[in-house]
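**Student:** This is the structure I have questions about; it appears just below.
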Amino acid sequence: MADGFSLNDALAGSGNPNPQGWPGAWGNQPGAGGYPGASYPGAYPGQAPPGGYPGQAPPSAYPGPTGPSAYPGPTAPGAYPGPTAPGAFPGQPGGPGAYPSAPGAYPSAPGAYPATGPFGAPTGPLTVPYDMPLPGGVMPRMLITIIGTVKPNANSITLNFKKGNDIAFHFNPRFNENNRRVIVCNTKQDNNWGREERQSAFPFESGKPFKIQVLVEADHFKVAVNDVHLLQYNHRMKNLREISQLGIIGDITLTSASHAMI
């Protein structure tokens, strides 16, 4: 299921090759236009343009309010999972527009978390098993973010996107299945499991923090772990609006679980 991937792949079928709120490429690849934060071509942040008054900084230079996509500063609303400011959480919603670019600062915004954990999330933990409501179901451009730490000697992690008793998307990293590490994806309808899809790439480590991000698209889910694209799972249940809950279980300490539209 894992394969080569690009920004155009991530946005396939959206009708917009570069929609607002998606400044970075999927999988933490730098976007077009050079390294984020290049305020003046070739100039060190804060350096005046040719002919400027000594010490005068060009617009959007550092320090001071940054322009769109300038570094440091927050990402655009809902950006996933492109580069962010120091201490900021990749992909968390930022305010529309620029903020003063104090290194490590992250402006408060609805749904945002303070940057206190290893991925900029608050220190939990939340109780596992944990059920997160998805009011109105899931829909294209919805981004679900789960942050936590794998317990030592872990056996498995499970995410279940549920429609009543059915499971639209079962994401199940297994740390020791016949002495192998594998990720199993599946769907359960009318109490019957479908055909398993297995993934050998395994980015989780016992005792280590992780960030899982699930992006809902019109015909599939995309999953990235620690800002790297992992797999794609085609929808087997077509009525996405009926997928109204995410269940999180397994051998983890859960720090946060959130969703946002991008």
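Placement of Cβ uses the backbone N, Cα and C atoms for every residue, glycine included.
Note that this is a predicted model, so its numbers are computed, not measured.
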**Student:** Between the candidate ranges 94-109, 158-173, 206-221, 238-253, where does Swiss-Prot place the motif 'Nuclear export signal' annotation?
**Tutor:** 238-253
**Student:** Taking all residues of the repeat '4' (62-70) together, what is their mean pLDDT?
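**Tutor:** Mean per-residue confidence for the repeat '4' (62-70): 43 out of 100.
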**Student:** Which residues in the same chain, at least 6 apart in sequence, have a Cβ under 8 Å from the Cβ of Arg195 (beta-D-galactoside binding site)?
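**Tutor:** Listed in sequence order: Asn186.
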